[in-house]
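Novice: Just dropping this structure here.
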Amino acid sequence: MECLKIAFILLLLLPAKCDSCPGRCQCCLNDICGVYFGYDQACKDGCKDGYHQARCMWLCSEHCQSCNQMDGCTHQCSANCLGSHCDKCCGLCTDGCMDGFTAAACNDKCNSICKACSQTNSTHCLSCFGGYSGPSCKCLPNCQCELNSEACNGCSNGFEIESKYCKCNKKYCVDYLNCRSCLNDSFYTYNGTCCECSTNCRNGQCVSEDQCLNGCEDGYTGADCADLCIDYDVNCIKCSQVEQFCVICESGFSPNTESVCARQCSDTCFNKECDAKTGKCLQGCIRNYYADKCDLVCPSTCASVPNITRCDNYGRCLHGCIEGYKGVTCNNATTANTGNLYAGGIIGGAVGGASTIIFVIIGIVLCIQRRKLKEKQSESGSQLQIRDPNPFIIEGISE
């Protein structure tokens, strides 16, 4: 009997799938929870996104239980909660999210195509920008679309003519019953109604369906401004409406003689001609510049000759160096070395002169001492001769 009790307890402690663990188990990561002696279920692998603590209490169908202070019911609502309403247990938004936000606590952003999205799916749009509709915002404004394809199969709100993307409406006519002209240049007449001009027309104004009044917005071309400039020139940001040539190019490029965007040549290129891809100057550089793109200045230490460049394409001086410099590029100064030698000569001469003076002084001192010694010896010899004429008798020596 004791063994059966132990086995029963172990069975209760083992992880269980949701079908054998009712209630909050559906909030558990991997749908695995544990039952502890009949008490609350606890998630073995943690909670799914948007759920809180081991019990994972929130949005767990009718089995959710209210929390108390012991469970940490102190969460503040996110600023993105709709109406600032949230579950204080977990801080999760109960009335949905503000436009552009999603997730249980509304801390994530919707897909960029959505103005508002589902709280559980950031890619499922609830509302769209620019009058578009549908879960993927592919249904055109004023269209009735099939749910799955989002293809326009009818117009709504008084708009008509599906082939014109439901952009035509008699309310744009001067005379609703006899539409021969439109309210302004933002519309054109078509089959007894008025339609909106293409948004690619500059200022949204047109003469007809196929002709914009003021040309195209930058980046578009063609009579109806339906074509892209980059379709025939990838570096073009503004092109002619009538012909395929570029007027304004991206930074670093400019229209060449064929009105095609070519890499902008440096002003220091001779005749400002360069390779369209690399920018390498094709005819060399103007005077006193060098390198492939002529973006380097010849060394200022190169000697100058009137109307002739100072250096070659590698920066080597063509006419020698100015005074005080040497080398192929005249970057080695010679004046500094001469100064050092001169300073060395001065120091050496000073040291040599000092040594000579010292030797002279020593020589004079030695001569004086020698002279004094000779004078003493001479005086001593005179006294000996006076006192004792016998040179072999020396006084002061006693036996």
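Placement of Cβ uses the backbone N, Cα and C atoms for every residue, glycine included.
Annotation comment: TrEMBL describes 1-18 as signal peptide. The domain 'EGF-like' annotation in TrEMBL covers 109-138, 196-226, 301-331. Feature annotation from TrEMBL assigns transmembrane segment to 341-368.
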Novice: Would you mind giving the whole-number mean pLDDT across the domain 'EGF-like' (301-331)?
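Specialist: 93, rounded to a whole number.
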Novice: Counting by DSSP, what is the helix, strand and coil composition of the domain 'EGF-like' (109-138)?
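Specialist: Taking each residue of the domain 'EGF-like' (109-138) in turn, the totals are 0 helix, 10 strand, 20 coil.
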Novice: What is the number of residues in the domain 'EGF-like' (301-331) that are helix, strand and coil, as DSSP sees it?
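Specialist: Going through the domain 'EGF-like' (301-331) residue by residue, I get 0 helix, 8 strand, 23 coil.
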Novice: Same chain, outside the domain 'EGF-like' (109-138) by at least 6, Cβ under 8 Å from its Cβ: which residues?
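Specialist: Same-chain contacts beyond the ends: 93, 96-97, 99-103, 145, 147, 150.
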